[in-house]
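Annotated features, as they stand in TrEMBL:
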type: TRANSMEM; residues: 90-111; note: transmembrane segment
type: TRANSMEM; residues: 123-142; note: transmembrane segment
type: TRANSMEM; residues: 154-175; note: transmembrane segment
type: TRANSMEM; residues: 181-205; note: transmembrane segment
type: TRANSMEM; residues: 217-240; note: transmembrane segment
type: TRANSMEM; residues: 252-271; note: transmembrane segment
type: TRANSMEM; residues: 283-301; note: transmembrane segment
type: TRANSMEM; residues: 344-365; note: transmembrane segment
Amino acid sequence: MMMRPDGGPIAKSCYEQECGVRCEQVLLHKLHKANKKMKIKEGPMHRSNILSVNLTEEFYSELTKSYIEGNLTGNSTGGFKINYFLNQSLNFLTVFMLLVTMVSLGCTMEISKIKKHLLKPKGVAIALVAQFCIMPVTAFSLAKILQMDSIKAVTVLICGCCPGGNLSNIFSLALKGDMNLSIVMTTCSSIVALGMMPLLLFALCQGFSGIENAVPYVGITTTLVLTLIPCSVGILINYYKPKYAPVVTKTGLVVLLLCTILVSILSGMAVKSVIWMIFMPDVVAVAALLPLIGFALGYVMSAVCQLDPQWCRTISMETGCQNIQLCTAILKVAFPPEVIGPMFLFPLIYIMFQCAEALVLTLCFRCYQIVKTPAEGTGPYQCVNIKQEEVKGNC
């Protein structure tokens, strides 16, 4: 609301009131029309929207309020639209990136190693508890503490409830973790997410008014099922044609990198007028704190359970590293652009902080190892052994 020089509020003019009413009518019409359209056309891949979004009246009201305030302050984000061709291109690329990621992940899995960890499931069980307890609860807590609006809260909760991503395998290797455990954990979390992700979202969304029925649970489940197919293809390639598995993995990484660059450019073009929304202080704070808390609590939980330090580092990475490709696909594909707006880019902000923090932790670990190794080599027992060898040499 505008203020007078003496600090008192200025009453809205008739023009502003009329604009507010018109904005509300336009937004409600567009959102009701989009919701109705998506309910009628419930194809599994219709306009890549994997099934319908059921928005409540409270959700409509909050979006309308944001829309009206944006128009009156000159920072309008309401009526957010993306060019049809650009929108379809982004939908295709996000789904394609997800498929490539899951095929590459499948090619790194070996059935014998999976069996070995499943026969001794302590590490995997603790990792799953950390993944589906620490991250969702942290996401919920941050959204509540920062008093996020409905759209931001849904985005953060979806990101927090996603399974572990394949970046955890890379950082586990950098931290000298157990690669076999990391790969098995990523596989198991992707499978368990089929039931846990919709369940967690349903439970946590009850804490935010207006979004209890706004999450496309069926669409998310469908997306998760579709991710298991390319993952299974990758496992079969590694099992029947193991010599092709490294080629597929390397090719997948190159394709994924190129697609990421392309998606970033197209997304920037699509949301250039409202891109400031994803750099709001609360959004940036969540993107920075969520992975960091995941890394820290994942390690603490593993240490409390008296796991090997190598396993602790692996579970730490697995907990903090989310499947960003899956999160992006759900946000971009399962929600209409009018609803999610530029917040479908939140995973890109998250992955920047996730990688930066993981790299800092890796650097700290490597420095610790460099400092620790000479210190261990100059212990009293080693000095005695060196002197004994010198005496024997003189003799």
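Here the Cβ of each residue, glycine as well, is placed from N, Cα and C on the backbone.
Sequence-remote contacts of a segment are chain residues at least 6 beyond its ends whose Cβ falls under 8 Å from one of its Cβ atoms, and for the transmembrane segment (252-271) they are 80, 82-83, 86-87, 89-90, 93-94, 96-97, 100-101, 103-104, 107, 277-278, 328, 341-342, 344-345, 348. Of the candidate ranges 90-111, 154-175, 217-240, 283-301, 344-365, 154-175 contributes the most Cβ pairs within a distance under 8 Å of the transmembrane segment (181-205).
Take the transmembrane segment (217-240) and the stretches 90-111, 123-142, 154-175, 283-301, 344-365: counting Cβ pairs under 8 Å, 90-111 has the most.
At the 8 Å Cβ cutoff, the transmembrane segment (123-142) and the transmembrane segment (344-365) share fewer than 3 close pairs (sequence separation 6 or more) and do not count as touching. Same-chain residues lying 6+ beyond the ends of the transmembrane segment (90-111) with a Cβ under 8 Å from its Cβ atoms: 47-48, 82, 165-166, 169, 183-184, 186-187, 190, 223, 227-228, 230-239, 245-246, 248-249, 252-253, 255-256, 259-260, 262-263, 266-267, 270, 323, 325-326, 328-329, 332-333. When Cβ-Cβ distances below 8 Å are used as the criterion, the transmembrane segment (154-175) is approached by residues 101, 104-105, 108, 131-132, 135-136, 138-140, 142-143, 148, 181-183, 185-186, 189-190, 192-193, 196-197, 200-201, 204-205, 208, 211, 214-215, 220, 286, 290, 313-314, 317-327, 330-331, 340, 343-344, 346-347, 350-351, 354-355, 358, 361-362, 365 of the same chain, each at least six residues removed from its ends. Remote same-chain residues near the transmembrane segment (344-365) are listed as 155-156, 159, 167, 171, 174-176, 264, 267, 271, 275, 278-279, 283-284, 287-288, 290-292, 295, 313, 317, 320-322, 324, 327-328, 331-332, 335 (criterion: CB distance under 8 Å, separation of at least six residues from the stretch ends).
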